[in-house]
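Okay, structure first, notes after.
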Amino acid sequence: MLEQVQKFLLSRAACQGSDSQSRYEELFHKLDVNKDGKVDILELQEGLKAMGMEVGKGAEEKIVAAGDTNKDGHLDFGEFIRYLEEHEKKMKIAFTSLDKNKDGKIESAEIMNSLKVLGIKISLDHADKILKSMDSDGTLTVDWNEWRDHFLFNPADNIQQIIRYWKHSTVLDIGDSLTIPDEFTEEEKKTGQWWKQLMAGGMAGAVSRTGTAPLDRLKVMMQVHGSKGNSNIITGLKQMVKEGGIRSLWRGNGVNVIKIAPETAMKFWAYEQYKKLFTSESGKLGTAERFVAGSLAGATAQTSIYPMEVLKTRLAVGRTGQYSGMFDCAKKIMQKEGIRAFYKGYIPNILGIIPYAGIDLAIYETLKNYWLQNHAKDSANPGVLVLLGCGTASSTCGQLASYPLALIRTRMQAQASIEGAPQLNMGGLFRKIVAKEGFLGLYRGIGPNFLKVLPAVSISYVVYEKMKVQLGI
């Protein structure tokens, strides 16, 4: 992909030990078309295009944003050199992490094994394709010079792109918090990119949940007040507006957004701790171990913030004027029902993690690996439609499997607030719902829940991409 740039760089190296700065200096003067001592985005785009270099979408903007220390929209010679030197250090870390046998060369097997550790399985043929795209001398191995020159103007290397493009739970937020946490590479941990990605994901989740809050509240209302005559989505929305006005459609959304930060932080911390227990002697964490560690991390995070889940449900089903806010709701629950009320529905909630997370992970990994095996050619980027499609499909299947438990959890959280309602346990509620409404009653409210999936993942993806630019990811 970068053959002409590689030839340009290599042909101007006086010898193998040639100083990097002299090569970068000559490259700068070639890109500086108008000879004003600065390189802007347009010059970078045209210069790289003229050299036959195909970079990812928005790569030029990211390069200028990352290197432009004085924020004048250009890269002067000093900024240009500093950016490439810093980028070269990052590329060296990535190269070293892939070169498992420390022979100074990367082979197809090392590419396969490195991706396998992260749950990405590719064939030997696909690994060969990745390697050949970097192999300029036809040796079927990639040394440091080939690696450096291939990724000189890519904000990320190809292996990192495969991992980053296919991150799932960090990028897509559909309102449920039962997904397995994403893996962060050693480079992302060392450079601090991990917390920026979590922050971007948190902001994406907040905007996504707020945008789909009316459908989420309608789902809760249909779960709690389920009946065969109360299943029309439009009618349900009209009733909520009639009872409390337009603002009532967002009742309970504040708690739903606030809990993102502590839950994400706890899940990430717990996942890192559980991974240490399940990592093999070779340092590898397989898909099965990742599922167990991720499920335990999800259970730990849910346990820590579960009272907020109860508050969200109570606020959502509450009447207008019943609670003045989150703290008033918590105070009234404590006074009337005691502290145990904040963990009503906890058992079905924890049990729901296993089918949701397991099926979501299995289907997403299957779809991801199928695309990588059959459709990935020169780029690791699957495109927005493929990403959203895979995320939507896996999440939908996970929801179908765990929805009955989610419905029972919501009923248990809310039943004490309904006058005259008996306080049933999980088994009692299950039998009552099946006897009164049939097995379809266990899926009451799934209509608005499915309706919000596509807009939720779309909103979260767009916001996540915008936040990545703002945070310099």
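Placement of Cβ uses the backbone N, Cα and C atoms for every residue, glycine included.
Swiss-Prot lists transmembrane segment at one of the ranges 1-14, 295-308, namely 295-308.
Taking D32, N101, D103, K105, T139 as the binding-site residues under consideration, the smallest Cα distance to D68 (Ca(2+) 2 binding site) is found for D32. If one looks beyond the topological domain 'Mitochondrial intermembrane' (465-473) by at least 6 residues along the same chain, the residues whose Cβ comes under 8 Å of a Cβ in the stretch are 58, 61-62, 65-66, 193, 196-197, 199-200, 203-204. Cβ atoms within 8 Å of the centroid of the Cβ atoms of D32, N34, D36, K38, E43 (the Ca(2+) 1 site) belong to the same-chain residues L31, V33, K35, G37, V39, D40, H74, site residues excluded. All protein chains considered, the CB of N70 (Ca(2+) 2 binding site) has 10 other CB atoms within 10 Å. Checking each of the binding-site residues D99, D137, T141 against N34 (Ca(2+) 1 binding site) by C-alpha distance, the shortest gap belongs to D137. Under the DSSP three-state reduction, D32 (Ca(2+) 1 binding site) is assigned to coil, being neither helix nor strand. Closest by Cα distance to E79 (Ca(2+) 2 binding site), from the binding-site residues E43, D135, T139, is E43. Look at the domain 'EF-hand 3' (86-121): DSSP puts its residues at 23 helix, 2 strand, 11 coil.
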